[in-house]
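**Student:** Here's the feature list from Swiss-Prot:
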type	residues	note
SIGNAL	1-35	signal peptide
DOMAIN	45-291	domain 'Peptidase S1'
DISULFID	CYS75-CYS91	disulfide bond
DISULFID	CYS172-CYS249	disulfide bond
DISULFID	CYS207-CYS230	disulfide bond
DISULFID	CYS239-CYS267	disulfide bond
CARBOHYD	ASN272	N-linked glycosylation site
Amino acid sequence: MATSLRLLDAGPGSLRRWIPTCFAALLLLPPRPNLGYNEDHAEPVCGAPWWSDSLEERHHWPWEVSLQIENEHVCGGALIDQSWVVSAAHCIQGNKEYLVMLGSSTLQPSGSPWALKIPVGDIIMHPKYWGQNFIRSDIALLCLETPVTFNKYIQPICLPEHNFNLKVGMKCWVTGWGQAKQHPSAKLTRSLELWEAEVSIVDNKNCDRVFHKKTFYPQVIPLIRKNMICTTNHRENPCYGDPGGPLACEVHGRWILAGIFSWEKACTKAPNLSVYTRIDKYTGWIKEQVSRGARSGRCRTSCLLFLPWLLQLPVSPGPPHPFLFLLCLC
């Protein structure tokens, strides 16, 4: 017991030299279900979707999820790990029982062998979430009751590093079962099939000026803050995104979760301005909550989520960092 206490009190130590020992120990453990990819032999990496050769499935978004109440779609979300989904905090409606549907691009996946519906076991709202008027810190983590097995149709998207270089004019993609108008006088209708739209990153200051014109807030009060992203598109029906749905940006062949759809100016005409929670401002909080969930036993997590962080720890003599033991058990 004394040894355990001493190790827990140790600071960042020689983690890198302990990693081979940890993985050697992992090889001696019996296999655990629902870990890694299945017989499709896809590599267990984030943000690397399988692209079909068929035109109909050219753009495939395997991290897209549907957050549902009583089997009715209410919001989108993004899978970041075998047990965790990121969505918008304003999607959470009190003590409801939520399901997450994965592995399907349609809201009616009858007969699909890949579609899964998994109950949400725990929900973590960001402590600074503000849902009045212009929403702030609009992010929530959903822990699945059962970890998923990754395959061609269910894969995680990568979390961005802190201060992710998101440039104005950069092209990204928003996906969801959003609403659209077939003509100006028509009612908004939800699509049963997953839609996608390419959007451009807009300068936050310019976006802020546009939103201020529609409100009585003085200019000195920023509506679009540093922890938000603003985008625009030029499609006829701009409302492709779902609240909580992902804004995905491709960087060097890897798809990054840049944002989570939060709110927009209007859903009537293009070009349309949409506002997202900027994920790189919350990456540290996400990893902290995932780590706590793993330690408490509520949610298992994948070691891959923490691997970039582990490799950045300094090398120094002494006992290993206690997080290494969490890595060995995850």
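These residue numbers are counts, starting from 1, taken along the chain as shown.
Just so it is clear, glycine is given a Cβ too, placed from its N, Cα and C backbone atoms.
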**Student:** In whole Å, how far does the CA atom of CYS91 (disulfide bond) lie from that of CYS230 (disulfide bond)?
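**Tutor:** Between the alpha carbons of CYS91 (disulfide bond) and CYS230 (disulfide bond) there are 19 Å.
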**Student:** Excluding near sequence neighbours, so keeping only residues 6 or more apart in the same chain, what lies with its CB under 8 A of CYS207 (disulfide bond)?
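**Tutor:** Spatial neighbours, sequence-distant, of CYS207 (disulfide bond): ILE224, CYS230, LEU273, VAL275.
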**Student:** Give the number of CB atoms, excluding that of CYS172 (disulfide bond) itself, located within 10 Å of its CB.
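**Tutor:** Other Cβ atoms within 10 Å of CYS172 (disulfide bond): 23.
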**Student:** Given the model, what does the mean pLDDT over the domain 'Peptidase S1' (45-291) come out as?
**Tutor:** 86
**Student:** What is the nearest of the disulfide-bonded residues CYS75, CYS172, CYS249 to the residue listed as 'N-linked glycosylation site', using the Cα of each?
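**Tutor:** For the residue listed as 'N-linked glycosylation site', the closest Cα among CYS75, CYS172, CYS249 is found at CYS172.
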**Student:** Write out the long-range same-chain contacts of CYS249 (disulfide bond), meaning residues 6 or more apart in sequence whose Cβ is under 8 Å from its Cβ.
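**Tutor:** The answer is LEU166, MET170, LYS171, CYS172, TRP173, TRP255, ILE256, ALA258.
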**Student:** Just to be sure I understand the packing, how many Cβ atoms besides its own are within 10 Å of the Cβ of CYS91 (disulfide bond)?
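**Tutor:** Its Cβ has 24 other Cβ atoms within 10 Å.
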